[in-house]
Amino acid sequence: MSDTAAIELVGVHKDFLSHGDTVQAVKPTDLAVGQGEFFSLLGPSGCGKTTTMRMIAGFEEPSGGTVFLDGNDVTGVAPHKRDVNMVFQSYALFPHLTAYQNVAFGLERKKVAKDEIRRRVGEMLEIVSLTGMEKRSPREMSGGQQQRVALARALVNGPRALLLDEPLGALDLKLRQQMQIELKRIQREVGITFVYVTHDQGEALTMSDRIAVMEGGRIDQLGTPREIYEKPATRFVAGFIGTSNLLDGSVDSISGGVALLVFAPEEKVLVPVPPSVTDGTKLEISVRPEKIDLSRDAPAAADCSVLTGTVREVVYHGTSTNYTVRTSAGADLVVFDQNAYSAEDLAGPGDRVYLTWSPQHSYPIGVRP
Amino acid sequence: MRHRLAPYLLVLPGGLWLLLFFVVPMVTMLSLSLQEGDVVNGYVLTGHWQTYVDAITNYRVQLVRSLIYGAITTVLLIVAAFPVAYFIAFYGRRRKATLLFLLLLPFFVSFVLRTISWRYILTDEGILLGPLKDAGLLADSFHILGTPVAVILGLVYNFLPFMVLPIYVALERIDPRVVEAARDLYASPLVAFRRVVFPLALPGVFAGVLMTFVPASSDYVNSAVLGSSSTTMIGQVIQSQYLVSSNYPTASALSFTLMAVLLIGVFAYARALGTEDVMKVAAR
C-alpha cells in the first residue's frame with residue numbers, strides 16, 4: 001500500500017428532501033480505502049451504502065464534504081471524467097452492442113488506438129474466461145457471462161478503483177459462490193482497488209480485506225472480517241453479521257482484566273474487559289454460537305462461562321446441528337455443534353443442558369477502551 | 001383434431017373482417033382500374049393498362065410533390081418529436097401520464113376542425129402574421145397560407161403524436177443504468193446520447209416513420225384546407241377523381257400507384273436501416 005489512499009471521503013454526507021423534510025441518506029462520513037484493497041460496504045437496503053458508492057462514482061453529488069481519488073479532490077467532477085469504473089447491479093450492458101463492443105466502449109471513448117484496444121480487450125476477455133464470445137450480444141449470454149462482460153468492461157480501462165454494486169445479486173447460489181472466488185482471483189491478478197457494495201454478509205466476509213458495516217446512513221464499524229465477526233462494535237453489527245447471542249448483565253467483580261457476571265449459583269459469564277469497566281457496569285455480551293459447548297453433564301472446568309437452560313429446538317443442518325436453548329439467565333442462546341464426531345444429537349427438546357465457553361469468546365459490545 | 005383447428009378458428013373473425021373490408025375492396029379497385037366506360041353507361045373490364053400510364057403522366061407532379069411533402073414532414077417530425085418524447089420519458093416522473101394525456105388531448109377534437117383552426121393562425125391578418133405586419137416586421141404581401149410551408153406545418157402538427165408515442169415507448173424501455181454505464185465509461189452526456197440512447201431509440205423512430213410517412217404522403221385534408229392549387233397532393237387528386245369527376249378507373253389506378261410507391265419506399269427504407277438489427281434491439 002502506498003501512502004495516498006485510493007479513495008478518501010472526508011465529512012461526506014448526502015441529504016435528500018422528502019415530503020418537505022430533510023433526510024440524511026448518508027450522515028457525515030470519513031472513509032479511506034487503501035491502494036489495491038478489497039473494501040466492502042455492507043449493510044441492509046436503505047443503509048446508504050449504494051449512495052456512498054454513487055458519490056464516489058460521481059452519479060450523486062455530496063451535500064457536503066470532499067471526495068478524493070488518489071489524493072485529488074474530485075468533488076463535483078462529472079462521472080465520465082473520474083478514473084473509477086463501476087459494475088452495475090443488473091450489469092447494465094449495452095444491449096445493442098456485442099460483448100467485444102461492450103468491453104471496448106470505454107477505451108474507444110478514451111481514443112485509444114485500434115490495435116491497442118483489440119489487444120487489451122482480448123486480454124481482458126481471457127482473464128474473465130470469455131474468449132470466443134466476442135460476437136455474442138448480451139441477450140445471447142447467460143447471467144454469469146453477462147456478469148463477466150460487465151466486469152471486463154470496467155476493468156479493461158485500468159481504473160484507479162473498481163466500484164461494484166451488488167454485482168452477484170442476480171446470480172443463483174452456486175454461480176454466486178463460484179464468482180466470489182473468481183472476483184477475488186481477478187482482483188489479485190489486476191491489483192486494482194475494489195469497493196464492493198453488498199447486503200450479503202457471507203459475501204463480504206469471504207472476499208474483503210476490510211469491511212465497513214453501515215446502518216441508517218452511517219458506518220457502525222470498520223475493520224477486517226475477523227474483527228467485525230469476533231468483536232462487533234454495536235448490537236446491530238453483532239446481529240447483522242452471522243448469528244449472534246446477546247446477554248445483558250452487570251459486572252459483579254473483576255480480576256485480572258476479566259469481569260465476572262453471576263446469573264445464579266454456579267451460573268456465570270466471564271468476559272475480558274478494558275479498564276473503563278468497573279463493578280456494577282452494565283454490559284451487553286456477544287457470544288458466537290459455534291464457540292459454545294453443549295452438554296448434559298455438569299462441566300469440570302471452573303474458569304469458563306457456564307449457563308444452564310432447556311433445549312427448545314434442534315435443527316439438523318448437515319455440517320452442524322443447531323440448538324436453541326432458553327437459559328435461566330433469560331436469553332435464548334443458539335449453539336452450533338459441528339457434526340464431526342457424533343451422528344447423534346447431543347440433546348433433544350426439553351432436556352436440561354449446560355452451556356460452556358472460554359472467557360475469550362465473550363465480547364462486550366460498545367465498551368469504550 | 002379440435003386442438004389442431006383451434007388456432008385457425010381464432011383467426012376466423014379477424015380474417016373474415018379483413019377479407020370483407022380489405023381484400024374485397026382491393027380486388028374491386030384493381031378491377032376498376034382496368035375498366036373502361038363512364039358512370040352513365042357503366043364500366044367494362046377491358047384490361048386497359050393505358051389508364052395507369054395516363055394517370056401517372058398527368059399527375060406525376062402531384063405524386064412526386066406528395067412524396068416530398070411526406071418526406072419533409074417525417075424528418076421534421078423526428079426533430080420535433082424526439083425532444084418531447086425524451087423529456088416525457090426521462091424527466092416526466094410522476095407527471096408522465098398527464099403529459100401523455102396532454103399530447104393526445106387535441107385528438108378529442110376532429111382532425112378537420114383542428115386543421116381549419118390553423119387557418120386562423122396562419123391567415124394573412126391572423127393572430128400570428130397580423131401583429132408582425134402591423135409592426136412592419138413583415139411585408140404586407142407576405143403570406144403563409146396557401147404555400148407548401150402551411151401544408152407541411154399542418155401535416156407535422158397533425159401527425160406529431162404518432163411520432164412522439166413510439167419514440168417515447170422506445171426511450172421508456174431504456175434502463176437508466178445503461179446510460180449511467182456509458183457516462184461511467186468516459187462518455188460525455190452528448191456522446192452517451194449519440195452512442196447509447198439514440199441507437200436504443202431507433203426502433204421507436206423506425207415505427208414512427210412508418211406511422212407518419214405513409215399517411216402524411218397520402219393526406220388530402222391539410223393541402224385542401226391550408227394549401228392552394230400549387231400544393232395539390234395526390235390524395236386530393238384521387239378524391240376529386242372519385243367524387244367529383246366520377247372517373248373511377250383513373251382514381252383506382254392512382255391509388256394503386258401510390259400504394260406501390262409507398263410500399264417500395266418503406267421496404268427500401270427498412271432494408272437500408274437493417275430492420276433485423278432494429279428488431280433485435282426491440283426484442284431485447
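Glycine is treated like the rest: Cβ placed from N, Cα and C.
Curation does not apply to TrEMBL; its annotations are automatic.
Marked as transmembrane segment by TrEMBL: B:7-27 (among others).
Feature annotation from TrEMBL assigns domain 'ABC transmembrane type-1' to B:63-269.
Per TrEMBL, transmembrane segment is recorded for B:67-92 (among others).
Residues or ranges marked as transmembrane segment by TrEMBL: B:99-122 (among others). Listed as Cβ neighbours of the transmembrane segment (B:99-122) (distance under 8 Å, sequence separation of 6 or more from its ends, same chain) are residues 84, 87-88, 92, 128-129, 144-145, 150, 153-154, 157-158, 160-161, 164-165, 168, 221-222, 225-226.
Taken from TrEMBL, the feature transmembrane segment covers B:142-171 (among others). Sequence-remote contacts of a segment are chain residues at least 6 beyond its ends whose Cβ falls under 8 Å from one of its Cβ atoms, and for the transmembrane segment (B:142-171) they are 69-70, 72-74, 76-78, 80-82, 84-86, 88-90, 100, 103-104, 107, 111, 114-115, 118-119, 122-124, 128-129, 133, 197, 200-205, 207-209, 211-212, 215-216, 219, 221-223, 225-228, 230-231, 233, 282.
Taken from TrEMBL, the feature transmembrane segment applies to B:192-214 (among others).
Sequence-distant neighbours of the transmembrane segment (B:251-270) (same chain, 6+ residues past either end, Cβ-Cβ under 8 Å): 29-30, 32-33, 51-52, 55-56, 59, 63, 66-67, 206, 209-210, 213-214, 217-218, 234, 237-238, 241-242. The feature transmembrane segment is assigned by TrEMBL to B:251-270 (among others).
Listed as Cβ neighbours of the transmembrane segment (B:192-214) (distance under 8 Å, sequence separation of 6 or more from its ends, same chain) are residues 70-71, 73-74, 77-78, 81-82, 85-86, 159, 162-171, 173-174, 178-179, 182-183, 262, 265-266, 269-270, 273, 275, 278-279, 281-282. Sequence-distant contacts of the transmembrane segment (B:67-92) (same chain, six or more residues past either end, CB-CB distance under 8 Å): 99-100, 103, 148, 151-152, 155-156, 159-160, 162-165, 167-168, 171-172, 174, 176, 197, 201, 204-205, 208-209, 212-214, 216-218, 223, 231, 233, 261, 265.
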